[in-house]
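Below: the structure, in C-alpha cells.
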Amino acid sequence: MTTVNLSAADRRETGAVAAELAATAPGLIDDPHWVAEARRMSCRLPARLREATRLFRHDPGRDGVLIVRNLPVDEAELPLTPTVPESVERTATVPAAVAVMVTLQIGEIAAYRDEKSGALVQNVVPVPGREESQSNAGSTPLEMHVENAFHPHCPDYVGLLCLRNDQPLNAGTMVSSIRTALGLLSPGTLRVLREERFTTTPPPSFSGGGPDPAHAVLRGDPDDPDVKVDFHATTTDDDEAKVAMEALRGAFLQAARTLVLRPGEMAVVDNRIAIHGRTAYQPKYDGYDRWLHRTFIHLDHRRTRAHRAGNGNVLF
Ligand SMILES: O=C(O)CCC(=O)C(=O)O
Ligand SMILES: [Fe+2]
C-alpha cells in the first residue's frame, strides 16, 4: 500500500497552510471563491505530499490506495462527533481544509446534488437508529462497493480523512482491488463479469425513474480492468451471472485489507480499480465516536460539465 508519513516539519507546514485557508473568507467550504482559494493554496502543500499524489495519480499500485499519515488533525480541538443523519461539514475548519487541499492536489473535488445535499465535505459518522443501514451512517458490516457505482460519472477517487476513531479500535475501512483479486478468478467467471448482465440500483434519493441500464462488472484491459460493482446494490437475474458475482465477492474478500484509520490519516481509494466497505463496530453516541471527512475526486472536470450547473463542483 502506498504510504506517505509526513515528518513533523511537513505536518506543521500543512497545518499552517490549512489554518490560513480555514481563515479565508467566507470560511464556507461550498463557496466557489473558497474552493478557488483552496485549489491555489493546495500547491503550497509539502513537496513530498505533492510528489506522492502525483505518482499515485499515474499509478495507483496493486492496492489502489494511498495512505497519508500525520496530517494536522488535533483531536483535542475537535468538537463532539456529529450524530445527525446526512451530516456534512459546511464550515472551513482546519481538518476540512486539509481534506479539500489533498483532494485538489489529486484532481477536482466533486459532490452529487442528490447525496448529502451536495456538500463537498461529508461527515462519515454513526447515526442512532441507522445501525443496520447499508450506508456510512451504519455500524453493522457495510458491504464492499465502488462508490456511486450506479452513476455515469462516479468518482475516480474517494478520500477519507480520519478525525477520530472509535475506542477500542474496531471500525476498519476494508479495501480490496481488482488487480489483486483478478488472479483468484477463473477465465469462465471473468468472461461473464465482462458482459452487460448486471444492474446497479441508485439509492432512493437519486432515483431517475427510468430502468437501471445493464452494465459489465469488469471493463477495459482484460489483464488490468476497471471494476464497477456494489455488493449491496448490484444485481442480476441470471444464475450464471449470480455465481460469477459471488465468486468475485469471495475473491475481493480474500484479497481485502482492513485499514484502521487514526486521527490525521487519510486514505485515498482509486474507485476505478478498488472497492471499499467497513467492518462492524459499536458506536456509543457520546460525542466521541468515529468521524471521517469524505471527499470525491474527478480527474477530468471537463468531462462532467453537462452534469454540473454553472460550472460548479456539484453534479446532478
Ligand atoms: O466508514 C468507512 O470507513 C467507509 C464508509 C463508506 O463506504 C463511505 O463513506 O463511502
Ligand atoms: Fe463508500
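Keep in mind that glycine also has a Cβ here, set from the backbone N, Cα and C atoms.
DSSP classifies H145 (Fe cation binding site) as strand under the three-state reduction. Long-range Cβ contacts of H145 (Fe cation binding site) within its own chain (separation 6+, distance under 8 Å): V229, D230, F231, H232, A233, I275, H276, G277. The Fe cation binding site annotation in TrEMBL covers H145, E147, H276.
Here the Cβ of R294 (2-oxoglutarate binding site) has 23 other Cβ atoms within 10 Å, regardless of which shown protein chain they belong to. Taken from TrEMBL, the feature 2-oxoglutarate binding site applies to T189, R290, R294.
The domain 'TauD/TfdA-like' annotation in TrEMBL covers 62-295.
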Listed in sequence order, residues with CB under 8 A of R290 (2-oxoglutarate binding site) and six or more positions away: T81, V124, V125, P126, C162, R164, N165, D166, A171, Y281, P283
Cβ under 6 Å from ligand 1: qualifying binding-site residues of T189, R290, R294: R294
Pairwise CA distance, R294 (2-oxoglutarate binding site) versus E147 (Fe cation binding site), rounded so that it is a whole Å: 11
Cβ-Cβ neighbours of H276 (Fe cation binding site) (radius 10 Å): 23
